[in-house]
């Protein structure tokens, strides 16, 4: 069967060679996702293995196979895209985190979480940026501006606590889980807001006015994003309660919750706000108000739908990170000057360690001063776990790094935003 558009016949169901390769790679990626879930389930009783670690190892093994079959040309099935990450993968992960969080414990430790996630990230950002300017700048790694070093500080301030949460129990260690989880979400949002603020400011001539504008812009983005997410959650609750979709179809209830949550994220993107904060607080408000206004079947459906979409997105990210570890292009760049690459990596690792320690222990001390009950205080062992939990860098850092490279290639940076 053929369709004629003008003088060009198009055969339905027939793919070009590039489309065929794209479909084949997607099929293989979906098959690998299924393998991660099945193998992760079989290894569920093993305390050292879970779906995330399984996905990393499978991704690593797949990367090796692709490297061998392509004769060292590539280790990827698909090319990483920051748009793919920020628009499709990140929203369900963050929304489900807010939707599933134990709100009583989260808000009981809200001030400590904000201290770690916002103030702590700022301290880490300052230390890493100053270290990059003071040390890396002297290593002659290329022509970099002040904004580039600040971007490095923002990128390496973005932690990835997902791996840590995999080995923590929300029931056995509720305080520790709440702090690590809460800090991770607020930290990601803070890092992205910082990165975006850096991209939108002319940092060639820094003075007191520029610093004040930078700080004002940061807090404005932070609180406006939070308000937008809370408003979207309350608005969805109002619509569902007044129109009562459930008397006709529970599908409409589920659809309006999903679409309103995603709309809040994309609206934050459109307004150059923090989509992470917006969709996170939208999830919290929806779970507290909207969820109680829908029918029982819709409650079960939404709970599992949000958890499933988040689970698949996380497995996808870990699988890709495993393959990305063998990216031949990155290894070629490093092999050109291995000593300098190792030195820069070591310095950045040291700055990350110092940056984490500079706020985790002092802020924990300040937080403990306001706690009356010994059970609510953060012990030294818990402080060490919190410090260690933030040493890993994940997909947010990767996406921001890709975004920075892309911004540098565009003629104007001020119009680029993936908050």
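Just so you know, glycine gets a Cβ as well, placed from its N, Cα and C.
TrEMBL lists transmembrane segment at one of the ranges 1-18, 55-72, namely 55-72.
Within the listed segments 366-384, 385-403, TrEMBL records transmembrane segment for the stretch 385-403. Segment annotation: TrEMBL labels transmembrane segment over residues 113-137 (candidates 113-137, 138-162). Only sequence-distant pairs (6 or more apart) were considered; of these, fewer than three Cβ pairs between the transmembrane segment (55-72) and the transmembrane segment (342-365) are under 8 A, so the stretches are not in contact. When each of the listed stretches 20-43, 84-101, 218-240, 261-291, 342-365 is scored by C-beta pairs under 8 angstroms to the transmembrane segment (113-137), 342-365 comes out highest.
Residues 118, 189-190, 193-194, 196-197, 253, 256-257, 260-261, 263-264, 267-268, 271-286, 288-290, 293-294, 419 of the same chain lie 6+ residues outside the transmembrane segment (218-240) yet bring a C-beta within less than 8 angstroms of a C-beta in it.
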